[in-house]
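Copied over from Swiss-Prot:
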TOPO_DOM  1-51  topological domain 'Extracellular'
CARBOHYD  ASN19  N-linked glycosylation site
CARBOHYD  ASN33  N-linked glycosylation site
TRANSMEM  52-76  transmembrane segment
TOPO_DOM  77-88  topological domain 'Cytoplasmic'
TRANSMEM  89-114  transmembrane segment
TOPO_DOM  115-124  topological domain 'Extracellular'
DISULFID  CYS124-CYS202  disulfide bond
TRANSMEM  125-147  transmembrane segment
SITE      ASP131  site 'Implicated in ligand binding'
TOPO_DOM  148-168  topological domain 'Cytoplasmic'
TRANSMEM  169-191  transmembrane segment
TOPO_DOM  192-207  topological domain 'Extracellular'
TRANSMEM  208-231  transmembrane segment
SITE      SER214  site 'Implicated in catechol agonist binding and receptor activation'
SITE      SER218  site 'Implicated in catechol agonist binding and receptor activation'
TOPO_DOM  232-379  topological domain 'Cytoplasmic'
REGION    245-343  region 'Disordered'
COMPBIAS  291-303  compositional bias 'Basic residues'
TRANSMEM  380-403  transmembrane segment
TOPO_DOM  404-416  topological domain 'Extracellular'
TRANSMEM  417-437  transmembrane segment
TOPO_DOM  438-458  topological domain 'Cytoplasmic'
Amino acid sequence: MASPALAAALAAAAAEGPNGSDAGEWGSGGGANASGTDWVPPPGQYSAGAVAGLAAVVGFLIVFTVVGNVLVVIAVLTSRALRAPQNLFLVSLASADILVATLVMPFSLANELMAYWYFGQVWCGVYLALDVLFCTSSIVHLCAISLDRYWSVTQAVEYNLKRTPRRVKATIVAVWLISAVISFPPLVSFYRRPDGAAYPQCGLNDETWYILSSCIGSFFAPCLIMGLVYARIYRVAKLRTRTLSEKRGPAGPDGASPTTENGLGKAAGENGHCAPPRTEVEPDESSAAERRRRRGALRRGGRRREGAEGDTGSADGPGPGLAAEQGARTASRSPGPGGRLSRASSRSVEFFLSRRRRARSSVCRRKVAQAREKRFTFVLAVVMGVFVLCWFPFFFSYSLYGICREACQLPEPLFKFFFWIGYCNSSLNPVIYTVFNQDFRRSFKHILFRRRRRGFRQ
């Protein structure tokens, strides 16, 4: 992957010529004589400085893509905050980007700098199929993720129960199979050297039917599905936020924290943590009056037993919130029906308090889960938007060429620029996760700096 080694390999390949028997089959034009010897390399379209510069830039892009996506895989598999089943989609998507960087980009760079295909006819077909496969799998992954987001928003309880790791893995297998079906045609219809070409070339089928079908299947149809699904998600989320705000009014029920603009309570902030539930309960007027009445009865009973038992009762207890419980415990130690009544009231108070704590805790957990779901949905929307921005220029210009040919053909340098911008997308997803998701950011820091600290200690 290092750029000096890649540049040296390109120079050696240019001096050597096409490999094996394919040189006679593919390169028998003006660049070779009848016997296939004294092969002359094509005139390079880049200077030596440009070759070194491009090799360095693309080499850095390859290394950055591999390292970033490997970090994504490690983070999802090791971080407790990222171990949700739906994050397996991100592992598979990162794997596709790693394969693009290792199996496609180096050969695309060599083909670009050498101005001919050096690696033989068989690998040409495999290379083209892998190129289309990984690009198609990326967008089909994003399409499956958008459907997963939609079902988790519209059928939260039912779908979350069904979304097990096994189901997610089965969906990922289906995504790769669909991508393979779409990318299979290059294996049987890849582009061969046109008549009169002096040097072997490797390109996709140039017929209109293939250009349009591959563009629709690999890009435009999944993009349409993603756009419709995310528009529906936005409408559902907006309607749900409006309904909640109308129900709550200016103040939330039961003293709940006010909501922010995105419908999340302050207790479930950006870091996904809840404020600890309060143990004190603010009862209504009737329950307060009832508790005062019980406290007075217990206090009077305690005074009557004070001389015999030496017990001070609950009159000087720590506070009104705990006086009833302490009085109940004091009375429960005395015999008679009053003790049984006090014991029952103590149990009812404790049950009431524990039930309120459990209710607040469950609400808190639900808010944290909703906050994470919303952040995850937003991050994936950014990922999809960046993917479309990177690949749309290439697919639009490519399909335009398939329709009107030379009349709509872009200048070759611009078309190649669009082509490489699409490859750059494979390196951007880890950056997006780092910028927009705190769980990924924290996990990346943990992976990188914890291991570095261990190395310093050793």
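Including glycine, each Cβ sits where the backbone N, Cα and C put it.
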**Most Cβ pairs under 8 Å with the transmembrane segment (208-231), selected from 52-76, 89-114, 380-403, 417-437** = 380-403
**Message:** I'm a bit unsure how to read this: which one of 52-76, 125-147, 380-403, 417-437 has the highest number of Cβ pairs shorter than 8 Å with the transmembrane segment (89-114)?
**Reply:** 52-76
**Asked** Which of 125-147, 380-403, 417-437 has the most Cβ pairs closer than 8 Å to the transmembrane segment (52-76)?
**Response** 417-437
**Asked** Under an 8 Å Cβ to Cβ limit, what residues of the same chain, 6 or more beyond the ends of the topological domain 'Cytoplasmic' (148-168), are close to it?
**Response** 85-86, 88-89, 229-230, 232-233, 236-237, 373, 376-377, 380
**Candidates ASP131, SER214, SER218 (recorded sites) - the one closest to CYS124 (disulfide bond) by CA** = ASP131
**Fill in**
Candidates ASP131, SER214, SER218 (recorded sites); nearest Cα to CYS202 (disulfide bond) turns out to be ASP131
**Item:** Cβ neighbour count within 10 Å of SER218 (site 'Implicated in catechol agonist binding and receptor activation')
**Value:** 23
**Message:** Let's see if you can do this one: DSSP helix, strand and coil counts over the topological domain 'Extracellular' (404-416), in that order.
**Reply:** 10 helix, 0 strand, 3 coil
**Request:** Using a Cβ-Cβ cut-off of under 8 Å, list the residues of the same chain that are 6+ residues beyond the ends of the topological domain 'Cytoplasmic' (77-88) and lie near it.
**Result:** 145, 148, 152, 163-165, 167-169, 172, 272, 372, 376, 439-440, 442-443, 446-447
**ASP131 (site 'Implicated in ligand binding') and SER214 (site 'Implicated in catechol agonist binding and receptor activation'), Cα-Cα, nearest whole angstrom** = 12
**Cα distance (Å, whole number) from ASP131 (site 'Implicated in ligand binding') to SER218 (site 'Implicated in catechol agonist binding and receptor activation')** = 11
**Asked** Just how many other Cβ atoms lie inside 10 Å of the Cβ on SER214 (site 'Implicated in catechol agonist binding and receptor activation')?
**Response** 23
